[in-house]
Amino acid sequence: MMLTQKWFLISTALVAVALIVSICLLLPNARHVLESDPVWSYQCVNDRCIKTAISEESNPLSKAISLPACRLFCGPGTGLLWPQPTGPIEVGNELAHIDPEQIWFEWDENLRQLTPLWEANKERFRKQLHKKWQGVQPKPGGRSVRIKLDVQDDSLTLNYGTDESYKLTVGPGENAELLATITAKTFFGGRHGLETLSQFVQYDDLRSELQMVASLNVSDAPVFPHRGLALDTSRNFIDLESLRRTIDGMGLVKLNVFHWHITDSQSFPLVVKSRPTLHKYGAYSQREVYTAEDVRGLVQYALERGVRIIPELDAPAHVGEGWEKLDVTSCFNYQPWENYCVEPPCGQLDPTKHAVYDILEDVYREMNDMFNRSDLFHMGGDEVSIRCWNATHSIKSWMNQKNWGLQEADFMKLWNYFQTEALRRLDNTLPADGKKRPIVMWTSKLTESPYLEQYLDKDRYLIQVWTTGNDSKVANLLEKGYRLIISNYDALYLDCGFAGWVTDGSNWCAPYIGWQKVYNNDVLAIGGPYAQQILGGEAALWTEQSDSYTLDNRLWPRLSAHAERLWSNPRTGWQAAEARMLVHRERLVEEGIAANSLQPRWCLQNEGNCPIGGDGGRS
């Protein structure tokens, strides 16, 4: 009995092994079925890529062109690029098979400050190439590529005077190499050129090989110096991995400002060692915080991708959790909240308490250190409620002692009292070199006449506009000589159009803003005759209804539309960009960014058939 059972087990095992071997032997054949000979090619007809069946008689495989290759050569030569270059571009008609393992970089070793940044970008570039053939094995071999980074200046200052232009050429090098030369005055321009080069590399699924253009000339420079995203990490916490992924996407489309709205009334996730009460009581949990090391690491990560991080400490409104434990707030979590603020919980700093300014100075000092003394600081100034201060007995008593009234103008005087002292404390934390750091503030009652002229020095303050683009208040700011950053909510608030969270129906700024409206938001037109005072713009995502899990599809690819508007300021509308946008969305996904889909994939493969009228936007 035992012997029989033993032989049965051995026989069963042998059958299982044989079955596994048979499956393994069949797998190549099964894969061959999945990877059967391609049947579709593309032809450029009237600047469109038209899908055409491969036929040995009329369109043989040897002459077939993949969709990415067709996009590259069909039309004005920018079919794969996002954002569109501003200068002339010349693309040859040849693609070269390249070896991704034979990519070499050269840069001036004497510019030692740049070496760590180029090393980081070298690895980023190589990873970008490897992502282009995910799930398949490309054909081995191909030409090697040498990338020469010719940058003149080792300065790492990114501000409104930084030259971000570049020139990119590709041609034959020595020993059958391809030589790509990127010439720029600064690291930031050189990095942008490398980003553009990566978009001229594509995986040809017809021939299973990585290809790069063999001849290329591009001259490029941005139209606006301030090209940004304002992201709130207080209403809901956004983890560091998601922030890094967002900055990766920003580098991909040449956005250069990450405006970090790091705290608000709902939470205070920033660890300030000198004032630990703020995060201990203010963070949602002690796992949902940003330490100084976290911030410094993100600042460096952003720098490598050509992005500067501008911190915001919104005050005197939009404060609450964490602050309340320090006994320096008024109307914290008052009910009914709608009588005192625009969303719960309410909370404002009490300008009459001297302790407020001591706390602010400590916070400013540590933030300056974390953010490497960012050349801009955002002091917020958003949605200050007179009702809140007017509901605080101690504030009214303090104002009466100064023989102030309790009218709007008196509370504006109180606000200016706060802003003046807060700014003095911020300046205390900066080097005593005589340089006054520019300050950004949101549009508010304080930025309207007559308070604007009384209290805000146009040489010191930049105003970030969140009203509608055609608001008369914008024209008033421009006429008074103020420089503006445009974030008009009717085109650049990416949280609009979802269900209301404090009421029924849709949220306050509905409807949802599609990429088309973002793309067509011409900030120069908003400036009109004062367009030279427009520094650029920021799309904004307030996170009452977003977090790390929904971040990507809230931002992308709408943020890409914003990026092209600010880099290129195209004179054509979104229709002319639609085919490139569909290709670009695929690139975002390839990079690991969960960008929203825009149309059925059929539209990507059948250009010009989906827009109304079927003209592809080229009428």
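The backbone N, Cα and C atoms fix where each Cβ goes, glycine too.
Automatic prediction, not curation, is the source of TrEMBL annotations.
These figures come from a predicted structure and were not determined experimentally.
The active site, proton donor annotation in TrEMBL covers Glu383. According to TrEMBL, the domain 'Beta-hexosaminidase eukaryotic type N-terminal' annotation covers 81-199. The domain 'Glycoside hydrolase family 20 catalytic' annotation in TrEMBL covers 224-569.
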_Among all protein chains shown, how many Cβ atoms are found within 10 Å of the Cβ of Glu383 (active site, proton donor), not counting that one?_
16
_Secondary structure content of the domain 'Beta-hexosaminidase eukaryotic type N-terminal' (81-199), with strand meaning DSSP E or B_ = 36 helix, 39 strand, 44 coil
_Mean predicted confidence [pLDDT] for the domain 'Beta-hexosaminidase eukaryotic type N-terminal' (81-199)_ = 95
